[in-house]
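What follows is a set of notes on a single structure, which appears directly below.
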């Protein structure tokens, strides 16, 4: 099959680059956040989970690239996988990342405005593990009804339908009729599609909007010290907290860094995923000629997919720009790895301990300062390192 030009440009040129960048960025984020000095912090566990879901999304997007968004398949097996699991699994991991961001924003919202309830939300049945289990169950569960539907048929079959027993095709040109297209015009199917779009897209938009607006208001009212720049935030985190206002100011600096990171991530999520949400809500159809001929609606789909994946790549950028501890840890790891590569691993255990001492000592000194904070403070010591 000769693919339409936009399909070749997007799924053979642009998106493979975005996916490759995303895999590298996600692995780097996991590498840094998995370090002992960072992984125990409460907020960092969410950032780590977000990076893991991003990585899975990029990996499970590969069949979509290979098939050019379901237009061409090398064999029956690949067409069968795409039909029953292709979009469903990719969208499931996207949903997991979405609700991880919602939970991050929820914690910041509660921590700023409802300080007495903040610590209760960190304990069972609302603890991190319970939340992640709920996120996985919800994200996969809303896509399960689509998985058994659909069918793989031969392109030569003029009666392309949802249910068929065809397993051979002389031309080798297989067509996927997935669960989103099967029974597309039936009332129940239409209702469930809108329900899924509401749960996966519009509800998170509404929650992120409420949380973000409340956090911006908190910054304006002075309840949160918003870092004016990443460099300023880093300097305050290291020096001003102890030198000027003690432990309470240090905690406000930490919370300001988290609030800035969450606002940036959630705002970019809404802006970058809105085009594909609009497409899925109002413009998606079952046109069989989309793979061969230009369609303006499909251009919205292509741009939406590019922006959606690009948004997941941006997560590491926000962490590097806004979160000074993440940036310092990454630079330290890169320098140590570079020195090992160039000179050979000749450092002794004592040298290795001393090379990581600045970050660890900073962590311990911050914890020591936090222990002197007033009991009424609503920021958790382990919320951010």
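Quick reminder: no glycine exception, Cβ is built from N, Cα and C everywhere.
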Per TrEMBL, the range holding transmembrane segment, considering 230-256, 257-283: 257-283
Transmembrane segment per TrEMBL - which of 90-108, 109-127, 128-146: 128-146
Leading stretch by Cβ pairs under 8 Å, where the reference is the transmembrane segment (303-323) and the options are 13-34, 46-76, 128-146, 202-222: 13-34
Most Cβ pairs under 8 Å with the transmembrane segment (202-222), selected from 13-34, 128-146, 257-283: 257-283
Remote residues contacting the transmembrane segment (128-146) - C-beta distance under 8 A, at least 6 residues beyond either end: 42, 45-46, 49, 87-89, 91-93, 95-96, 98-100, 103, 122, 178-180, 192, 195-196, 199-200
